[in-house]
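Worksheet: the structure to be examined is printed underneath.
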Amino acid sequence: MVVHAYSNYAKYAWGANEHRPITKTSHSANVFGTEKLGITIIDSLDTIYLADLKEFVQKSRDWIETEFNPNVNSEISAFEINIRLVGGFLSMYALTNDKLYLDKAQAIADRLLPAFNTPTGIPFALINLANGASKNWNWAAGGCSILSELGTMHLEFQYLSQLTGKEIYLEKVEKIRTTLKEASENNMYFNYINQQTGKWCQRHASLGGLGDSFYEYLLKSWVLSGKKDEQARSMYENSMKAAEEAMLRKTPTTNLMYFGEHHSGRLDPQMGHLTCFVGGLYVLSALSGAITSNSSTKHEIEIAQGIGKTCRESYVRTATGLGPEGFHFERVDVEAKSLRDNEKYYILRPEAIEAWFYLWRSTHDQIYRDWAWDALISIEKYCRVEGGYSGIRDVYAETVSHDDVQQSFFIAETLKYLLLIFSDDSFIPLESYVFNTEAHPFRIRTV
């Protein structure tokens, strides 16, 4: 699968950000701007390295050394560039100790620094890498900043400071955390914040899109620090307790566990595919001992298993065996199913497989490998095309309509977690590595 996905990208769209596997042309989502940054090359590199595809690795390294140029005059998502490029380069440095990758990671991070020049330290969402001009998304509520984006700079910048000895990167993200901690209300963190005032723009909270990786990086920053970053651990523990109280529910008849969406004190009983990552987050929390109460490990594993099962149900209740982008719990007849046409698509997302990977590592219950295998078979049956792999527009229709996009995260995340779940635990052990939100492994600090 890795060879098919990567070789076709290399054949039809080499140097482009992503590719269209049906029309066999290049593709670039708006988050990547209008210029070619080779997103797929860099985002996929540690996966092809772990898959021992030496020729592909060398081809990619040669391109990075001679062709990669971040001096692009285009508005680009700072969040996406950070998790995919900075994260991808840092991961390759962690795996190979090749300084080329560390130098490239630092070069991109330096170009992101102007985005942090705000009164609160909360960065702008978009930045022109050539001149540093920055702004927020036009569609974001009130022109505000998004929690999942601004909260997902920490791990990469923390690791970069650790590796280079330059504190500026850590200082930038610590200022963000201070602003967020001061703004929290009863340990709740909402999805939109005003970067000029540090005040919340609305009262919408979620462990899915717009919120997800903020919580993820609280835990993982603590793990990466060698469990020395007590502020991160404390914020993680308190925020997850608040999130459970506000958003964690079970369906009344079938006991399916889910995290709903919190809107000004009202719970919307729906969950997104992105939220499936929470299953893995709870496993990592339990394995690392992040929560201090005596009964925490059992409680966390139960939630991880519950979310993992719910996400599995969202897959098996479709015609294709692939999970939709969003699903609901309002009625018994639509539990873990989509209600609207605009949430029935599958774009090769990894989060359910990610959760099952962590559950496999923690329990070695064969069921999680079986679920991952079922997903793999469905991806092969419905998403594989001659020129790579494509997302599909409706998981409930067995005669599929392809969206003609092979996302860079398909190789970076989905295929990596599939590779890892069917590998020995000693292959990228969780005791030694922590994954960024794009599945790039960083080596945990030991001193």
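Heads up, the Cβ atoms here are built off N, Cα and C, so glycines get one too.
Under the heading active site, proton donor, TrEMBL lists E80 (among others). DSSP assigns E80 (active site, proton donor) to a helix.
The feature active site is assigned by TrEMBL to D212 (among others). Counting only same-chain residues six or more apart in sequence, the Cβ atoms lying under 8 angstroms from the Cβ of D212 (active site) belong to S148, S206, L274, T275, F277, V278, T437.
Residues or ranges marked as disulfide bond in TrEMBL: C276-C311. Over all protein chains present, the Cβ of C311 (disulfide bond) has 28 other Cβ atoms lying within 10 Å.
The active site, proton donor annotation in TrEMBL covers E325 (among others). A 10 Å cutoff on Cβ-Cβ distances gives E325 (active site, proton donor) a total of 20 other Cβ atoms nearby, all chains included. Secondary structure at E325 (active site, proton donor), taken from DSSP and collapsed to helix, strand or coil, is coil.
Mapped onto three states, the DSSP output places E351 (active site) in helix. The annotation active site is assigned in TrEMBL to E351 (among others).
Among the features that TrEMBL reports, Ca(2+) binding site is placed at T437.
Cβ environment of C276 (disulfide bond): I307, G308, C311, S314, G323, E351, A352, E354, A355 lie under 8 Å away, each six or more residues apart in the same chain. You'll find the Cα of E80 (active site, proton donor) roughly 19 Å from the Cα of E325 (active site, proton donor).
C276 (disulfide bond) carries a helical DSSP state (H, G or I).
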